[in-house]
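Among the features that Swiss-Prot reports, domain 'CP-type G' is placed at 88-247. As annotated by Swiss-Prot, GTP binding site applies to T137, K138, R139, D140, G189, P190, S191, G192, V193, G194, K195, S196, S197, with the evidence given as sequence analysis. Annotated Zn(2+) binding site per Swiss-Prot: C272, C277, H279, C285, in sequence order.
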Amino acid sequence: MLEINKDRIKGIVLALKANYYIVQIDTINLIPELFKKKIGDHNFRLLCTKRSRLSYKGHSVSVGDFVLIEAIDWTAETGVISFVEPRKNLITRPPVANVTDVIIVVSLLDPSFDLNQVSRFLMKAEETGLKVTIVLTKRDLIDEKILEKYDKKLQTWGYQPIPISIVNGEGIQKLSARLKSMKLGVLCGPSGVGKSSLINYLLPKISIPIGKLSKKLKRGRHTTRHVELFSIYSDSFIADTPGFNKPEFYTEPSQVPQLFPELRSQLLIKKCKFRNCMHLNEPDCAISRDWERYSNYKNFLQEMLNYHH
């Protein structure tokens with residue numbers, strides 16, 4: 001992550017608080033020696049403002065942005081953002097830049113597993129075009145047969161779910177390996193499914209920064225009021241997001257088939273007679289109707305047709 005350019009240091013925006021930006025930099029070899037002995041951590045954070053010219057030019061700063069920092073005061077742990085690098089992408093709810101993965105977190109019980117709700121969250125994740133992982137929390141609350149039922153169902157949808165329990169640690173090793181392979185993964189899901197509990201479980205294993213900034217932030221048990229990145233491993237980050245129970249959609253009807261992996265896989269090997277086939281009642285449609293979420297597909301397609309009418 002480290003980069004120097006005319007006395008500017010590269011970092012990643014972890015959080016926005018009021019008019020300030022918390023930026024993590026990896027500068028163990030750059031921080032003045034006397035100060036380095038006090039902090040003892042290479043993942044160092046600065047509380048930053050941004051140059052007014054960025055606003056004049058219409059350059060917003062979002063969590064996940066890579067930025068250049070100047071006017072650094074190592075003692076006060078402050079700096080000024082002078083440049084925002086071009087983004088690879090930006091998801092909008094909530095705004096997070098340079099996302100590589102979407103992690104849908106749903107509970108197996110309390111709140112109960114809702115297949116229709118899970119399907120809609122997965123569809124929303126597929127809209128991003130990014131890699132999608134589904135995590136099933138509270139594994140310890142259900143028996144093996146029920147888990148197998150949900151696992152097989154999600155596999156037919158095109159996913160490999162990761163069931164976990166923060167009570168007994170089941171599945172955490174597999175999830176950790178998956179998180180380690182990500183650059184920036186966003187946790188999404190309904191309220192109350194255990195996203196924040198999962199973050200709190202992982203936090204002891206994460207390199208938590210020390211110094212004045214951490215004391216100013218008074219971080220204790222994590223609860224989600226805004227989006228924030230957490231550094232895991234070396235160059236991997238996860239973003240927790242406020243929970244919401246009903247994803248909003250504005251999908252173009254022609255793009256709806258791309259939200260269903262089980263339909264996409266058919267389209268890779270089959271071709272319909274008409275290029276604009278919506279896989280409903282068109283003649284010579286090559287797509288099978290014999291898949292579980294076909295009714296979900298039809299209903300959602302009609303929903304989007306009505307929306308765009």
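Heads up, the Cβ atoms here are built off N, Cα and C, so glycines get one too.
Features recorded in Swiss-Prot, as mapped to the structure shown.
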{"residue": "T137", "record": "GTP binding site", "Cβ neighbours (10 Å)": "24"}
{"residue": "R139", "record": "GTP binding site", "Cβ neighbours (10 Å)": "21"}
{"residue": "G189", "record": "GTP binding site", "Cβ neighbours (10 Å)": "24"}
{"residue": "S191", "record": "GTP binding site", "Cβ neighbours (10 Å)": "12"}
{"residue": "V193", "record": "GTP binding site", "Cβ neighbours (10 Å)": "24"}
{"residue": "K195", "record": "GTP binding site", "Cβ neighbours (10 Å)": "26"}
{"residue": "C272", "record": "Zn(2+) binding site", "Cβ neighbours (10 Å)": "17"}
{"residue": "C277", "record": "Zn(2+) binding site", "Cβ neighbours (10 Å)": "17"}
{"residue": "H279", "record": "Zn(2+) binding site", "Cβ neighbours (10 Å)": "21"}
{"residue": "C285", "record": "Zn(2+) binding site", "Cβ neighbours (10 Å)": "16"}
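Sitting within 8 Å of the Cβ centre of C272, C277, H279, C285, and not among those site residues for Zn(2+), are the Cβ atoms of K273, F274, M278, L280, E282, D284, A286, I287.
In the predicted model, residues of the domain 'CP-type G' (88-247) average a pLDDT of 84. Closest by Cα distance to K195 (GTP binding site), from the binding-site residues C272, C277, H279, C285, is H279. There are 18 other CB atoms within 10 A of the CB of S197 (GTP binding site), with all protein chains counted. The binding-site residues shown are R139, G189, S191, V193, S197; of these, the one with its CA atom nearest the CA of C285 (Zn(2+) binding site) is G189.
In this structure the alpha carbons, written CA, of V193 (GTP binding site) and H279 (Zn(2+) binding site) are 34 Å apart. According to DSSP, S191 (GTP binding site) is assigned to coil rather than to any helix or strand. When every Cα pair among T137, K138, R139, D140, G189, P190, S191, G192, V193, G194, K195, S196, S197 is compared, the largest distance found for this GTP site is 19 Å. The binding-site residues recorded for this entry are C272, C277, H279, and the Cα of H279 lies nearest to that of R139 (GTP binding site). Of the recorded residues, G189 (GTP binding site) and H279 (Zn(2+) binding site) place their C-alpha atoms 29 Å from one another.
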